[in-house]
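Everything below concerns the one structure shown next.
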Amino acid sequence: MSRMAEQQLYIHGGYTSATSGRTFETINPANGNVLATVQAAGREDVDRAVKSAQQGQKIWAAMTAMERSRILRRAVDILRERNDELAKLETLDTGKAYSETSTVDIVTGADVLEYYAGLIPALEGSQIPLRETSFVYTRREPLGVVAGIGAWNYPIQIALWKSAPALAAGNAMIFKPSEVTPLTALKLAEIYSEAGLPDGVFNVLPGVGAETGQYLTDHPGIAKVSFTGGVASGKKVMANSAASSLKEVTMELGGKSPLIVFDDADLDLAADIAMMANFFSSGQVCTNGTRVFVPTKCKAAFEQKVLARVERIRAGDVFDPQTNFGPLVSFPHRDNVLRYIAKGKEEGARVLCGGNVLKGDSFDNGAWVAPTVFTDCSDDMTIVREEIFGPVMSILTYESEDEVIRRANDTDYGLAAGIVTADLNRAHRVIHQLEAGICWINTWGESPAEIPVGGYKHSGIGRENGVMTLQSYTQVKSIQVEMAKFQSIF
């Protein structure tokens, strides 16, 4: 693909040049080619976007629920019509296999938008009787202008997960995509405008997180920030948001999730789940189950089943429909994952497979890392304690149910957890004791629109998706009505 034209900001229904004068490049991680130069939003651009959003939000919030619903449904239709086109762009920008982006990324994002478009008319207040002459009613009102700050692993899906409930509740959103993968968020802005969204209701500001992101979290005109990313960055976003104007926040942060295989489990099923929980999207999924606990007596058999499945991974041309494994999103991220792999070897974990970059004509110019499985791991190893965000599985053994529950919970993270067992009683008993916000029994990874997604502990604050997320983009106003004569004590 030839280099794209320089990408601008999207403010008030159209493209506009950044006033900062700064740019950055976005690359295709499969081959290292530059896709485009992208303009970076500065402080003045954030001010412009906030002013635009304030104007557009008043128009948007004044529309009826059905009017807003119809516009968002039109956007859903356009997304589905352009699924393949958007998936190709997402593959170029992220390196993910087209077989994945064409069936997951845009599809699941559109599903969430459709879900919230349908919920808009159901956003209701309540009526509370006090006595014969007085009652209270409540209204759910939009917050105003909110900001979304996205991660690089699911660019358009995250943009939709954040914008769908925000817009459905009557807010305007300023979205900052990751500087690593900024392209499809700009296309989403075009689609929203084409669907009839008033100018300013969805503005997109590409830029570096430490600058553009901080300007957004500092800005007094923004009522809430929804952030997806790492824990360290999330803490900074939360601190800035609170220090500037006590903004509300939603944080979807990192994870080091446990997958527990019990001794009665079907090991073929367990191996299939472990593969999806570690190597889907080349391991760049926040909910990945990278700590795989297996009974000591099942370890050898489980390892062989995993190795057999690793052999079936197909890396290569990301547009080949048979390819199911792509490069990592960038060269700096590849190097970071390789440092973790080296640390695992240094600390005594045994490499079952991988542990290196992929080599050959298809791989030499890209950010490729081989699917890697470590075994003989212990809880104190760096690869077991810290989020790697790459195709690296760690296998650990255990002896008892109580032991594995304790060890599974021995982490600062609490995003996801899963178990594989044939015993339904044990399934629920154990899941109820695991400290994680998203849990799976005999499956892994599905996050449909109806399910609240978020973590315990350092893995986040608040939830995305589900009814409660729509409500989190509103503020409740209570109004008392008195029909009797008011009595003053003065």
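For all residues, glycine too, the Cβ spot is worked out from N, Cα and C.
Pulled from Swiss-Prot, these are the features on record:
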type	residues	note
BINDING	T26, I27, D93, V180	K(+) 1 binding site
BINDING	G150, A151, W152, K176, P177, S178, E179, G230, V231, A232, S233, G254, C286, E387	NAD(+) binding site
ACT_SITE	K162	active site, charge relay system
BINDING	L246, K457, G460	K(+) 2 binding site
SITE	E248	site 'Seems to be a necessary countercharge to the potassium cations'
ACT_SITE	E252	active site, proton acceptor
ACT_SITE	C286	active site, nucleophile
MOD_RES	C286	cysteine sulfenic acid (-SOH)
ACT_SITE	E464	active site, charge relay system
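Features per Swiss-Prot, on structure.
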residue: T26; record: K(+) 1 binding site; DSSP (3 states): strand
residue: W152; record: NAD(+) binding site; DSSP (3 states): coil
residue: K162; record: active site, charge relay system; DSSP (3 states): helix
residue: E179; record: NAD(+) binding site; DSSP (3 states): coil
residue: S233; record: NAD(+) binding site; DSSP (3 states): helix
residue: C286; record: NAD(+) binding site; DSSP (3 states): coil
residue: G460; record: K(+) 2 binding site; DSSP (3 states): strand
In three-state DSSP terms, L246 (K(+) 2 binding site) is classed as coil
Around E252 (active site, proton acceptor), which of the listed recorded positions (E179, V231, S233, C286, G460, E464) come within 10 Å, judging by Cα atoms?
V231, C286, G460, E464
By a three-class reduction of DSSP, the residue listed as 'active site, proton acceptor' is assigned strand
Need one number for the NAD(+)-binding residues G150, A151, W152, K176, P177, S178, E179, G230, V231, A232, S233, G254, C286, E387: the maximum pairwise CA distance in Å, whole number please.
23
Counting across all protein chains shown, how many other Cβ atoms sit within 10 Å of the Cβ of P177 (NAD(+) binding site)?
29
Fewest other CB within 10 angstroms, which one of the binding-site residues I27, V231, L246, C286?
L246
Nearest to V180 (K(+) 1 binding site) by Cα distance: which of the recorded positions G150, L246, E248, K457, E464 is it?
G150
Can you tell me the CA-to-CA distance separating E179 (NAD(+) binding site) and E248 (site 'Seems to be a necessary countercharge to the potassium cations'), as a whole number of Å?
24
Cα-proximity to K162 (active site, charge relay system), 10 Å cut-off, over recorded positions G150, S233, C286, E464:
G150, E464
Cβ within 8 Å of the K(+) 1 site's Cβ centroid: which residues qualify beyond T26, I27, D93, V180?
E25, N28, P29, L35, T94, W152, T181, P182, L183, V329, S330
